[in-house]
Amino acid sequence: MTISIDRPAPVSSWRTYRRLLAFAKPYRLLLVAALIAALIEAAGTTGFLALMKPITDETFIYKNAEVSRWLPVQIILLFVVRGVAGYITDMAMGKSARSIARDLRIKVMAKYLRLPGSRFDSEPVPSMLIRLGSDSDQVAQAAVDAVKVMIQQSLQVIGALALMLWHSWQVTLTILVLAPVLAWVMDKVARRYRRISHSIQESGAQLLQAADQTLSSHQEVKIYGAQQTEMERYGALANRNLRLAMKVESTRGISTATVQMIGAIGLSALLFVAGAQALAGRLTAGDFVVLMTSMLTIIPGLKQLTNVQNMVQRGLASAERLFSVLDSPDEPDQGTVPLTRAKGLIEFRDVTARYPGQVNPALADVSFVAQPGTVTAIVGRSGSGKSSLIKLIPRFYEAEAGQILLDGHPVQAYALADLRRQIALVGQQVMLFDGSIADNVAFGEMRNADAGKLERAILGANAMEFVAQLPEGLQSHVGTKGGRLSGGQRQRLAIARAMLKDAPVLILDEATAALDNESERLVQDALHKLMPDRTTLVIAHRLSTIEHADQVLVMDQGRIVERGTHHQLLAQGGLYSHLHGMQFRERQA
């Protein structure tokens, strides 16, 4: 019933990057503009370096007054053009990067909503949030921000090298002997960054998951005095994250020092060869200054090109995590049988379902029929398979064997959207979204429901008595996860949502298990208004609430061990009678 989420299989950096660049295609005009501007910016840098010769020779050696007058103007114009080009590059690249991050978030979010329910059992939500958050940002950095640095610095290095070749090819070729060593260093740095980046991403997800678990359960943590234990666990994860981060810093520090050392060797070689050229009369002071300033421009450029490998490799690691989601198979949805409104005939035929890694099945050879308009109660001890059974009907999970039929057709024969339109669900844990009461009741495909139907649904769910007392009525905000409302109020809004949907199949998953007596009475009254003329499946904890069910299925260890009406099962004196007797004695006590 579930699938495992494995670490993405390693693929080549170029293959991942090429796939990533496909997301940049819609912004190619922006990127072309950025490239042209980057070329102009690099040309501006090279032009400034070229001016070092007339500045030195004409101003300080030959005392040329005319050159001294126009050089400052040239420098100002050069930097104005360079500044405008740099601004265009930054804006175009920035817009592209942020747009790619947005597109990735939307695409991955849409993909998550198409994945089977088993995915949400095997991947924690904090891991999903990491993918939608920092992973998307780092991918955008790899796709565009890193490219910006690489283009800018590469063009500046190429421009400076070209200028050096123009002024002295002998000096330049002497320095280029060091290029293979530099390429080897950059390759080693890239490999190490990529290896560490995968671990850092996983460590960040584990940190977020641990914080989510602890903070979401803060009451339990405090009442059981688990603050120290949880802090030790979180601290251990934070320390691991720190160790990985320090590996990145160590790699950056070593690579920077190595590049600087190679640069120093190159600079020393330049001084030695240039000195010999000058003594031979083949190099002027201006030529030497151009060579020196060009070399001083190349060294920080090479340093940035080495350091950008961290950004690239972290982005590629994030891209692989995102692509592993995008490459996951969607929920199977090949149904073609048309379905407008079902009659509500539900049939299970020898259904078996199993969680991965489990020897015993969650459900084993389950068979029953729920006739249209009837109430089928499903009872049993915790872990007996009740929730697993009802999750198969809307195909949140798929059965391993057997068939589930709706109106005589396997549920797989219908399109998922059509199948789920036939089902309303009211669970024990009601999820409300941070919006108004009206938004939460008229939810999803019901968002355009007219005001009259909306009010009738809220009235029918016994919710109007508290909604009317709120300052903004139906437009009152419920807070995050409905935190401004009580449990009973949230439950009644869930019933109103189900009433507004008016689906032929109703699933109630322990809808009153966690309520006080008064709230339970109001909710039960609302449910009695909701259930007529629908096929209703009720998972019941309190057996007193299902005494009038048309049939009761008693489950134990994934099997239906008893079935019949409430009175028939009491007369049998089996498991149902035992559970009923226990609850009766508890109420008397």
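Heads up, the Cβ atoms here are built off N, Cα and C, so glycines get one too.
Keep in mind the model is a prediction, meaning the values are calculated, not measured.
According to Swiss-Prot, the feature transmembrane segment maps to 29-49, 70-90, 157-177, 261-281, 283-303. Annotation source Swiss-Prot lists domain 'ABC transmembrane type-1' at 32-314, citing sequence analysis. For 346-582, the entry in Swiss-Prot reads domain 'ABC transporter', with the evidence type sequence analysis. The ATP binding site annotation in Swiss-Prot covers G380, R381, S382, G383, S384, G385, K386, S387 and rests on sequence analysis.
The sparsest Cβ neighbourhood within 10 Å, among the listed binding-site residues (G380, G383, G385), is found at G383. Sequence-distant residue pairs (6 or more apart) of the transmembrane segment (29-49) and the transmembrane segment (261-281) include fewer than 3 whose Cβ atoms are under 8 Å, leaving the two stretches without contact.
Neighbour density at the Cβ, taken as the number of other Cβ atoms within 10 Å, is lowest among the binding-site residues S382, S384, S387 for S382. Take the CB of K386 (ATP binding site) and look out to 10 A: across all protein chains shown you find 25 other CB atoms. Secondary structure from DSSP puts G380 (ATP binding site) in a beta strand.
Remote same-chain partners of the transmembrane segment (70-90), defined as residues 6 or more beyond its termini with a Cβ less than 8 Å from a stretch Cβ, comprise 33-34, 37-38, 40-41, 44-45, 47-48, 51, 54-55, 58-59, 148, 152. In the three-state DSSP scheme, G385 (ATP binding site) falls into the coil class. Non-local contacts of R381 (ATP binding site) by the CB criterion (under 8 A, 6+ apart in sequence, same chain) comprise D556, L579. Residues 168, 170-171, 174-175, 178, 181-182, 185, 287-288, 291-292, 295-296, 298-299, 302-303 of the same chain lie 6+ residues outside the transmembrane segment (261-281) yet bring a C-beta within less than 8 angstroms of a C-beta in it. Along the domain 'ABC transporter' (346-582), the predicted structure has mean pLDDT 89.
Taking the mean position of the Cβ atoms of G380, R381, S382, G383, S384, G385, K386, S387 as the ATP site, the remaining same-chain residues with a Cβ inside 8 Å of that point are M555, D556.
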